[in-house]
Amino acid sequence: MIKKEIIILCGPTASGKSCLGHELAKAYDCEIINIDSMQVYKEIPIITASPIQIYNTDIHYHLYNFLSITEDFSVIKYLKLAAKKIKEITVRGKLPILIGGTGLYINLLVFGYNNIPDISEDLRVQVRNLHDKIGNIELWNQLKKLDPIASTKINHCDTQRLIRAYEVFMHTGKSIFSFHTAPKERILSDFNFKIIFLNPERKFLYKTCDERLDKIFKDKAIDEIALLKKQFTPEEYAHLKAVGIKEILAYLDGNLTLDAALNVAQMRTRQYAKRQVTWFTHQIQDKTILEYSTQEEFAQILRHLLFILRS
């Protein structure tokens, strides 16, 4: 059986993924699927630089800005939605292009995931409330009695993993690590992935990061986050990790000047981009790497990609 192909266009923030993907989609009548964990939320298209906020064309974009921040969502739910969209697009005879920089989503989509059952929102709330009441150390002590294997592998200071392990045991009666040792499930085993990694020269990347944040701050991002603050409680948007939200909230609360908020957001964006480059460099082995250090070289990338797609 000949496997169908999927293009994944990945790389650090502000590396030009959306621009290149848009041009490829126009040239080849492709459809674009989001693979960024923050661009799924409909309340924050500006601060996340959502391409459907930027491009107004007939190109089909999927899984962008479709979800409210209060809706229950998980990486497994994302994978199932993405797989459904990919299959629908290929049935129509078109090529799907996935664009984003969330390494976890890309890794699990390409290489498979441990099939841990979904945790109900009610149970998740119960465990979070328990944690808020008793704290990390006591929750870790309870986990040790229920799941001694997990307690030896999870530090009591690692709140996220601690809560997750406790949730999984309460839901399944099994250690979370029993799922880790089981064979991984590949949701798209009948597809081939062609991974293209955009890797700009560091100085050029940092420049584009700064320019993007400057543009975002001028492009009504302040109003967007002010509305978020007005419509939702801090608990409801605490899980939003997009750079710029925390800094704008500090500005709105009078704790930072606007210039200081922008400077901090730019610094954090550069740090985030550096971490993304490190992750993609070491975690994704089978990939095509496209490097550039100027706008002129960046313009040549499209021609290179068109050649790759023809090969």
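Each Cβ is built from the backbone N, Cα and C atoms, and glycine gets one as well.
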Residues flagged as region 'Interaction with substrate tRNA' in Swiss-Prot, choosing from 36-39, 132-135, 156-159, 180-183: 36-39
Among ranges 50-54, 140-144, 160-164, whichever one Swiss-Prot labels region 'Interaction with substrate tRNA': 160-164
Residue numbers, six or more beyond the limits of the region 'Interaction with substrate tRNA' (36-39), whose CB comes under 8 Å of its CB atoms: 45, 48, 50, 64-65, 75, 78, 99-102, 104-105, 240-242
Check: same-chain CB within 8 A of ATP site center, minus Gly11, Pro12, Thr13, Ala14, Ser15, Gly16, Lys17, Ser18: Gly101, Leu198, Pro200, Thr208, Ala273
Per-region confidence, the region 'Interaction with substrate tRNA' (36-39) (mean pLDDT, whole number): 96
